[in-house]
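Visitor: Provided herewith is a single structure, encoded as structure tokens, for subsequent inquiry.
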Amino acid sequence: MNKLLSVYLIPYVIIGTFLYSFTKEGLEYSSPPVFMGMRYLISGIILFSITRKLLINKDILLLSLFTTTSTALWSYGLLYVPPSESAVLSYTMPLFAIPISYFILNEKPSINETIGIIIGFLGLIVYTSSLHISLIGAVLTITNAVFWAMFTVYYRKLRDLNPLMVNASQFLLGSLFFLIMIPFDYKFDPSSSFLISFSYSTFLGGLVMFLLWNMMLKMEKVTKIVVLIFSIPIFSTLVDYIRGVIEVNFLVMLGIGIMFSGIVVSQLGSNERNGIHIGGNRLRR
């Protein structure tokens, strides 16, 4: 794995592992439009104060539509399922990202990446086969995964643009979307617990994670990045088990093992793909 990529991937996985739990707790005190609207607005203002410039074009508008729709569906899904199950269902995203990246970006996955994603997805199926998941929660969360895949591809498509400007623009545009929703679903009962959850979800789980995700997609193609993050539902499950939120059985453990195998398989031969051998010399991409 590219060492610079690891600099972005490791904090992304660590932050993402706890994001579901913090956001779930925050939604006990606030409706999704209020919670996510403030989250997007604050993140957008912070980034705009740095860039002093917004990007408004068709691709940015589409990116904003995809990110806000994904976030809205994910947050409503969290009302019906535990954090770890939300993470597992959300990480059906790689399965959708492969065809979308092929048709929009013409990115073709390597054999190892394809096999790794398939193995990881099979692990998700095994994991969820023993769970009693809310149908509404599952539909909302999996649909969120489709839109997550779409904005992931668009991040890659916009990789030549300034990531701070891209995220400032999509956060501020997205906050308008949630503002429209607030009159139809308003709840706001702040407390110290809410402030902790909201701060984590906004500054680490929102601002930092979106930027890290954008930076990784500037460096590598979609299919390589998406398979690496199967580790987040694995660690989210461990956190929920320690907190006593879920019980772990054989199928859950088997599913986790299969998902981890998918990550390993996807990285086989990655060092060779980082360069091209010509006459015994190695050329970096």
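The backbone N, Cα and C atoms fix where each Cβ goes, glycine too.
Just lifted these from TrEMBL, have a look:
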- 7-23: transmembrane segment (TRANSMEM)
- 14-127: domain 'EamA' (DOMAIN)
- 29-48: transmembrane segment (TRANSMEM)
- 60-81: transmembrane segment (TRANSMEM)
- 87-105: transmembrane segment (TRANSMEM)
- 110-127: transmembrane segment (TRANSMEM)
- 133-155: transmembrane segment (TRANSMEM)
- 136-265: domain 'EamA' (DOMAIN)
- 164-182: transmembrane segment (TRANSMEM)
- 194-213: transmembrane segment (TRANSMEM)
- 225-242: transmembrane segment (TRANSMEM)
- 248-268: transmembrane segment (TRANSMEM)
Visitor: Is the transmembrane segment (87-105) in contact with the transmembrane segment (225-242), using at least 3 Cβ pairs under 8 Å (sequence separation of 6 or more) as the test?
Guide: yes
Visitor: Out of 7-23, 29-48, 60-81, 87-105, 133-155, which stretch touches the transmembrane segment (194-213) the most, going by CB pairs under 8 Å?
Guide: 7-23
Visitor: Take the transmembrane segment (7-23) and find every residue of the same chain, 6 or more past its ends, with a Cβ under 8 Å from one of its Cβ atoms.
Guide: 1, 35, 75, 78, 83-84, 86-87, 196-197, 200-201, 204-205, 208-209, 212-213, 215-216, 219, 228-229, 231-232, 235-236, 239-240, 243, 245
Visitor: Determine whether the transmembrane segment (110-127) and the transmembrane segment (248-268) share at least three Cβ pairs under 8 Å, counting only pairs 6 or more apart in sequence.
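Guide: When sequence-distant Cβ pairs are counted, the transmembrane segment (248-268) touches the transmembrane segment (110-127), since at least 3 lie under 8 Å.
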Visitor: Return the average pLDDT for the domain 'EamA' (136-265) as a whole number.
Guide: 90
Visitor: By DSSP, what is the split of the domain 'EamA' (14-127) into helix, strand and coil residues?
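Guide: So the domain 'EamA' (14-127) is made up of 92 helix, 1 strand, 21 coil.
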Visitor: Taking a Cβ cut-off under 8 Å, which residues six or more beyond the ends of the transmembrane segment (248-268) line up next to it in the same chain?
Guide: 1, 112-113, 115-131, 224, 227-228, 230-231, 233-234, 237, 241
Visitor: For the domain 'EamA' (136-265), what does DSSP give as the number of helix, strand and coil residues?
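Guide: Its residues divide into 108 helix, 1 strand, 21 coil.
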